[in-house]
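K.L.:
Handing you a structure now.
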Amino acid sequence: MAKQTSLLGFFLFGFLCFICLPAEAALKKYQFDVKLSNVSRLCHAKQMVTVNGGFPGPTIYAREGDRVQINVTNYVQYNLSIHWHGLKQYRNGWADGPAYITQCPIQTGKSYVYDFNITGQRGTLWWHAHILWLRATVYGAIVILPQQGTPFPFPQPDREEVVILGEWWNADVEQVETQGNALGLPPNMSDAHTINGKPGPLFPCSEKYTFAMEVEKGKTYLLRIINAALNDELFFALANHTFTVVEIDAVYTKPFSTEAILIAPGQTTNVLVSANQVPGRYFMAARPFMDAPISVDNKTATAIFQYKGIPETVLPKLPTLPAQNDSDFALSYNAKLKSLNTPKYPANVPLNVDRHLLFTIGLGMNPCPTCINGTRLTASLNNISFIMPQTALLQSHYFNIKGVYTLDFPDKPPTPFNFTGAPLTANLRTNLGTRISKVAFNSTVEIVIQDTNLLSVESHPFHLHGFNFFVVGTGIGNFDPKKDPAKYNLIDPIERNTVGVPTGGWTAIRFRADNPGVWFFHCHLELHTGWGLKTAFLVEDGPGSDHNILPPPKDLPSC
């Protein structure tokens, strides 16, 4: 197994070196065939949706400044779309991918070319299906190398490896989701977590379903870590080794050392690790973080960090991961994340804010006569549970199609209350609707995302399409608009595209709305997104044609 993994690693590294050649073209083309494949894990075999038969799917390799074209052909029974998570898609929401937000899904037997430029971004991002729960199996990495001749702002690694954390269900994932929705309850949790699609030897029938990475004593490795799990924030560590965090969400950070990382669904983290221990076999391990009274799949996925020449009969050592409910680690880890903020990689934090928004997160129950308890779980922002339209919002906006959405999403919750006080079980006038918010071009926006104790407090990772944002503040309890802004970090706050709102707390983010289009804003826990914890921003066109939405492609899918 180790020799096979080593050959694979050298092949990938060789491929990376190949695409670094100066003669390499600036246009990258990929073919994604979405099809059913037979996959076995945990003594269970099933057919599931994959891209090109892989689990995970193929890695997209490109360089900052490249143009990328990905032809997606849909051979499965589900209509679907693919989102290129973290790519800003300037003026080009047609390539962003969330179904019914920027495009109608690709129908069975049809194709669509995602055509986009990678401008001003480099690092690790990822792609995934953006409809139903299909991203449980339809996902992969995006590796964006710096421009030719531009070094990393940290020591050059000897090799790099993509490490994608995910989940596995023995049952068909779409049937699991459908059953949960029919009952009005959360769907069954996953049966295992995975590392590069494999759960590791702590699970049954998994000896050959273990990812192994062969390393050499004295060398340094860059791990490009992605959390592709549907519903779990994860701790990740490597036994006896220390990580140096150098990048998150394709933005360089001030380097810092840590024994473990915390990574929420949708986030990416690049770390350096030196093979400086006694040669042996060491487990990499991933396990959930949950500091609220909510059930999660608490099993540990493992992979092997194997020094060259060590026989496979040597038992790997497990790392010590933080406790499942270790809130202190979570808060202290996130507090260490700072933008590099150098002349080459500045932190252009908006210092003045044109629009202040307060979004409250709410969980609740709506009547459902056919559900098992007579109620269905729901989720809301500012007491509005978002209803997905049947025509894509961007198409509706661009072609001036009426009646698809309204521009009356409130800037603050309609009913103030003690957000993080005693648990509340009643919905506070929760409404259903396709309500979004219009934002002036190039205006600066601050969003305070506030967790609440409606049913239960919980940590929520929020993702904004079309932009990076700066995380200027965070805290536990209720946001205080008079006192808390004085504590903001406006010098070197971390810049990213997905941020965790702490359990029973708040997070403040700022961004400049310089990207015209319609951009999704949602919790990246798939469970909550499906319940309605989402909205969108309609950013108006700017002055001049070079600040307007690009015309749509001719092969844009129809609803």
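Every residue gets a Cβ built from N, Cα and C, even glycine.
So TrEMBL says this about it:
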SIGNAL    1-25  signal peptide
DOMAIN    34-148  domain 'Plastocyanin-like'
DOMAIN    162-309  domain 'Plastocyanin-like'
DOMAIN    408-541  domain 'Plastocyanin-like'
K.L.:
From the DSSP assignment alone, can you count helix, strand and coil residues within the domain 'Plastocyanin-like' (34-148)?
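P.N.:
Taking each residue of the domain 'Plastocyanin-like' (34-148) in turn, the totals are 6 helix, 58 strand, 51 coil.
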K.L.:
If you average per-residue pLDDT over the domain 'Plastocyanin-like' (408-541), what number do you get?
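P.N.:
The average pLDDT of the model in the domain 'Plastocyanin-like' (408-541) works out to 94.
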K.L.:
Under the DSSP assignment, what numbers of helix, strand and coil residues are found in the domain 'Plastocyanin-like' (408-541)?
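P.N.:
Its residues divide into 10 helix, 57 strand, 67 coil.
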